[in-house]
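Below: one structure, written as C-alpha cells.
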Amino acid sequence: MFALRRVARPTTVLRAPTLRNTTRNINQKVEEVLKDGPYKINKAGAEAYEAEYVATEKHAEHTSKLWRKISIYICTPVILATCVNTYFVEAAHAEHREHLSHLSEEDFPPEYEFQNVRTKNFFWGDGDKTLFWNPAVNRHIRSD
Amino acid sequence: MNLTLKKFQVHPFHLVAPSPWPILVSFSVMSIMLTLVFNMHGFMHNNYWVVFSAIVAIMTMALWFRDIISEATYLGDHTLAVRKGLNIGFILFVVSELFFFIAIFWAFFHSAMAPTIELGGVWPPVGIEAIGPSELPLLNTILLLCSGATLTWSHHALLGGNRFNTLLGLILTIALAVTFMICQYMEYSNAPFTISDGIFGSVFYFGTGFHGLHIIIGIIMLGVSLWRIYTYQLTNNHHVGYETSILYYHFVDVVWLFLYIVFYWWGT
C-alpha cells in the first residue's frame with residue numbers, strides 16, 4: 001500500500017501547474033533561439049573586436065621594435081660590463097678559496113655556536129654535509 | 001526538446017568532461033609531502049618513494065596539461081569568456097605566490113631587524129661572511145632585468161605577428177634565465193656559509209632557494225610556450241599560455257629585485 005502511494009506521487013507533481021509552466025517556458029525559449037539562429041551575428045561587436053585587433057597589432061609593432069633596440073643596444077653592453085666587474089671580484093674570491101683550502105683544521109677561523117648546527121643527520125650523502133657543500137670554504141670541525 | 005538543446009551550445013562557457021587528473025595530482029602531491037617528512041625523520045630506504053611520488057606527480061601534470069592543450073588548440077573550447085576565466089585564475093595564483101614571498105621577507109625582517117644576542121646583536125651575524133651587492137648578485141640582477149626586456153620584445157613581436165622576432169626574443173630570454181641559474185649554482189657552491197649556519201643561513205637559502213625554484217618553473221613555462229609558438233599552437237590573438245608565463249616570469253623577476261635590495265644590499 002505504502003509503496004503504491006509513493007509511485008503515484010510523481011504523477012501528481014507532473015500535473016502540477018508550476019512545472020507545466022516551466023516546461024512550456026523552456027520550450028518557448030528554445031523556439032525563440034532557434035528562430036534567430038543560435039549564433040546571432042553581432043555586427044557592432046565584431047567591428048569593435050576588429051578595431052581593437054588592428055590597433056593592438058599596430059601598437060605592438062612599435063613596442064617590439066623599441067624593446068628590441070633596448071635589448072641589443074643597452075642590455076648587451078651592460079651585461080658585458082657587469083661580466084668584467086664580476087670576473088675580477090670572483091677571481092679575488094677564488095684566490096681566497098685557494099688559500100683557505102690549504103689551511104689545516106686548527107688554522108681555520110673559529111666558529112660561533114650558532115654556526116654548523118646539526119640536530120640530526122641530513123637524509124643525503126654522509127648525513128653531515130649540506131647540499132652545495134664546498135670543502136674549501138665549508139668545514140665542520142668538531143671540537144670534542 | 002533535449003535533442004534540440006544538445007545540438008547547440010548557447011553559452012560561451014567550457015563544461016569540462018570528467019577527468020582522472022585532479023584526484024591523481026592530489027594524491028601524488030600528498031605522497032611527496034608524506035614521503036619527504038618520513039625522509040626528514042630518518043626513515044630508511046625511503047628515497048625511492050620520494051622519487052616515485054615525484055615522477056607520478058610530474059607525469060600526471062604533463063598529462064593534465066596535454067588535455068588542456070587539446071581542449072584549447074584542437075577542440076576550440078577556450079572562447080573569450082573561458083580565456084578571461086583562465087586569466088583571472090592565474091592572477092589569483094600569482095597573488096598567492098606573492099603572499100608566500102611576503103612570508104619569507106617577514107621571516108628575514110623579523111630576524112634581521114632585531115638580531116639576537118647569540119648572533120652578536122648584529123646583522124649579518126658575527127663570523128658570517130655575507131655575499132655583497134657588487135659581487136655575483138649584481139650580474140644576476142642585470143641578467144634578470146635584461147631577460148625582462150627580451151621577453152617584452154618577444155611578446156609584442158607575437159602581438160604584431162612577427163614570428164622570427166617572437167622566437168628570437170623568447171630564446172634569448174630562456175638563455176638569460178638559464179645563465180642566471182648557472183650563476184646561482186656557482187654562488188651557492190662557493191658560499192662561505194651553509195643552510196645550517198643559524199638563522200642567517202636558513203633565511204638566506206629559504207629566500208634565494210625558493211626564488212631559484214620559481215625561476216626554474218618560469219624557464220619550463222617559457223620553454224613550453226616556445227614549443228607551442230614554434231608549432232603554431234599559439235597565435236597573435238590567442239596565446240593564454242604565453243601571457244600567463246610572461247606574467248609569472250615578470251613576477252619572479254620583481255621578487256628578485258626585492259631579494260637583491262633586501263638580502264644582498266640592506267642585509268649586508
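Here the Cβ of each residue, glycine as well, is placed from N, Cα and C on the backbone.
Annotated features in Swiss-Prot:
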type	residues	note
TRANSMEM	B:23-43	transmembrane segment
TRANSMEM	B:49-69	transmembrane segment
TRANSMEM	B:88-108	transmembrane segment
TRANSMEM	B:141-161	transmembrane segment
TRANSMEM	B:166-186	transmembrane segment
TRANSMEM	B:203-223	transmembrane segment
TRANSMEM	B:246-266	transmembrane segment
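Among the stretches B:23-43, B:88-108, B:203-223, the one making the largest number of Cβ pairs under 8 Å with the transmembrane segment (B:246-266) is B:203-223. When Cβ-Cβ distances below 8 Å are used as the criterion, the transmembrane segment (B:49-69) is approached by residues 19, 21-22, 24-25, 28-29, 31-32, 35-36, 38-39, 224, 228, 233, 241 of the same chain, each at least six residues removed from its ends. Beyond the transmembrane segment (B:141-161), the same-chain residues lying 6 or more positions past its ends with a Cβ under 8 Å from any Cβ of the stretch are 167-170, 172-173, 176-177, 179-180, 183, 222, 229, 234, 236, 239, 242-243, 246, 249-250, 253, 256-257, 260. Non-local neighbours of the transmembrane segment (B:203-223) in the same chain are 97, 100-101, 104-105, 107-108, 111-112, 151, 170, 173-174, 177-178, 180-181, 184, 188, 193-195, 241, 244-245, 248-249, 252, 255-256, 259, 263; each lies 6+ residues outside the stretch with a CB under 8 Å from one of its CB atoms. Outside the transmembrane segment (B:23-43) by six or more residues, the chain places 49-50, 52-54, 56-57, 60-61, 64 with a CB less than 8 A from a CB of the stretch. For the transmembrane segment (B:88-108), same-chain residues at least 6 beyond its ends with a Cβ under 8 Å from one of its own Cβ atoms are 203, 206-207, 210-211, 214, 244, 247-248, 251, 255, 258, 262-263, 267.
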